[in-house]
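Remarks on the structure that follows.
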């Protein structure tokens, strides 16, 4: 019985162990992405390694989420996703505005560039652009949502209360910002805002694929604006 309990999100100790494993997996993928791009150029073997590892990790995340999701708390008042259309349009618009504002401030005020922007500007090639679309825009963005909303939100803020919901959104936003490794205060704040919007979309719809798709939109837009 103890082993069965440890394998469910009701176990705090089990959640810490699983969360640590998932984080380590994410850092491995993030490190593999950095190895794939050296001096602004995409390395063949590095990109192949990234592709293989990222697909393996994504399959692992999906398998674990599907296995654990039956234990997650669900709201009895959750509406169909179609009923949240207006909210999702608003969130998409806000993400677009935040990205455009940050991009404008970077160009006008010179607040500094993120590591991915620096890497892209060092090469500025079509191959590098499409690699970042795939790696940052799709893979990294998807893995981040499995961590911040799929696992951590349900691990540590399971109860369906207003306080837990607010704390969950704040916690998820903070983890999202930290996972993007931005040392520039203004960009870090923008990541906090976007992370909060993604968590809000999950909280409202109770569907992980909603924040995943929104995160991919955010990730692809980020690369397009490099």
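Including glycine, each Cβ sits where the backbone N, Cα and C put it.
Features as listed in TrEMBL:
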- 21-38: transmembrane segment (TRANSMEM)
- 44-63: transmembrane segment (TRANSMEM)
- 84-107: transmembrane segment (TRANSMEM)
- 127-153: transmembrane segment (TRANSMEM)
- 129-217: domain 'CAAX prenyl protease 2/Lysostaphin resistance protein A-like' (DOMAIN)
- 165-188: transmembrane segment (TRANSMEM)
- 208-225: transmembrane segment (TRANSMEM)
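Between the transmembrane segment (208-225) and the transmembrane segment (127-153), three or more CB pairs separated by 6 or more residues in sequence fall under 8 Å, so the two stretches touch.
Per-residue pLDDT, averaged along the domain 'CAAX prenyl protease 2/Lysostaphin resistance protein A-like' (129-217), amounts to 88 for this model. The transmembrane segment (21-38) makes no contact with the transmembrane segment (84-107): fewer than 3 of their CB pairs lie within 8 A, with pairs spaced 6 or more apart in sequence. Helix, strand and coil content of the domain 'CAAX prenyl protease 2/Lysostaphin resistance protein A-like' (129-217), in residues and according to DSSP, is 76 helix, 0 strand, 13 coil. Non-local neighbours of the transmembrane segment (44-63) in the same chain are 22, 25-26, 28-29, 32-33, 35-38, 131, 135, 139, 142-143, 146, 150; each lies 6+ residues outside the stretch with a CB under 8 Å from one of its CB atoms.
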